[in-house]
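K.L.:
Here it is, the structure, as structure tokens.
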Amino acid sequence: EQRNSRLAVMAQRGQERRAEETEEQRNSRLAVMAQRGQERRAEETEEQRNSRLAVMAQRGQERRAEETEEQRNSRLAVMLQNARECRLNLIFGSYYFCFVQFSLLPMPKRKRGITGDAASRREAIRKRERRVVETSEERSRRLSTMAQRGQDRRAEETEEQRNSRLSVMGQRSQQRRAEETEEQRNTRLVIMAQRGQERRAEGTNEQRNSRLSAMKQHARERRLNVIEGQNHQIQTFYTARTVLN
């Protein structure tokens, strides 16, 4: 009885905390929970996995035996909606993966050795641990090496590969901006403005003139594109009116 009372109090406190948390705090909590679950599943043995699945199945059967007809219908409706969303996401993800894999990116190199989700998770955990304990000099050396490799790859890529890479980067940037909150957006804009001020403060007169010339050229191109688009709309309108007459 005392154990049930303690669990009830803990559940009540958890509900109160979740009711007061913001959307950002909720997303952070769920991300931490998902990360911990992935780490536990990556480290568990086959016997532990089977035991966990058996316990989950037993709890599911107990809940379904106790639920009412209304709760059952609500659960099935939610499951149907989730399955529909999963199918749509799977279809969209498959099309997008095929498009990127076969149209934009070059064929990936074959990886040797142990591969798979568990190995990838363990490798990601090791990398994070190494970055936590690395010194400032080691971090600078690692970033310098990464930058050098990126420059080498960009120097060797073709025009088509470059356009493909920029297209993928633009797509990812749009997705990140669509998912970010108002606070994250303001932080990003402040950082961008700070970096721009630092670059302008460090630049010479020649660099400043070159930057202003490039900005002027871009503005001229944008105006030409707007004018061309307006002319196309006007031409389309008159063509359609001529056809209707």
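Each residue's number is its place along the chain shown, starting with 1.
From the backbone N, Cα and C atoms, a Cβ is placed for every residue, glycine too.
Copied straight from TrEMBL:
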REGION    1-72  region 'Disordered'
COMPBIAS  14-27  compositional bias 'Basic and acidic residues'
DOMAIN    29-85  domain 'STPR'
COMPBIAS  37-50  compositional bias 'Basic and acidic residues'
COMPBIAS  60-72  compositional bias 'Basic and acidic residues'
REGION    110-186  region 'Disordered'
COMPBIAS  131-141  compositional bias 'Basic and acidic residues'
COMPBIAS  150-163  compositional bias 'Basic and acidic residues'
DOMAIN    162-225  domain 'STPR'
COMPBIAS  176-186  compositional bias 'Basic and acidic residues'
K.L.:
Restricting to the same chain and to residues at least six past its boundaries, which positions have a Cβ under 8 Å from a Cβ of the compositional bias 'Basic and acidic residues' (60-72)?
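P.N.:
Non-local partners: none at all.
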K.L.:
Taking only the residues in the domain 'STPR' (162-225), give me the average pLDDT of this model.
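P.N.:
Averaged over the domain 'STPR' (162-225), the predicted model reaches a pLDDT of 84.
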K.L.:
Over the span of the compositional bias 'Basic and acidic residues' (14-27), count residues by DSSP class, listing helix, strand and coil in order.
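P.N.:
Tallied per class, the compositional bias 'Basic and acidic residues' (14-27) gives 12 helix, 0 strand, 2 coil.
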K.L.:
Just give the helix, strand and coil counts over the region 'Disordered' (110-186), going by DSSP.
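P.N.:
Output for the region 'Disordered' (110-186) reads 64 helix, 0 strand, 13 coil.
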K.L.:
DSSP helix, strand and coil counts for the compositional bias 'Basic and acidic residues' (37-50)?
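P.N.:
Each residue of the compositional bias 'Basic and acidic residues' (37-50) counted once, the result is 12 helix, 0 strand, 2 coil.
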K.L.:
Please count the residues of the domain 'STPR' (29-85) that DSSP assigns to helix (H, G, I), strand (E, B) and coil.
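P.N.:
Helix (H, G, I), strand (E, B), coil: 53 helix, 0 strand, 4 coil.
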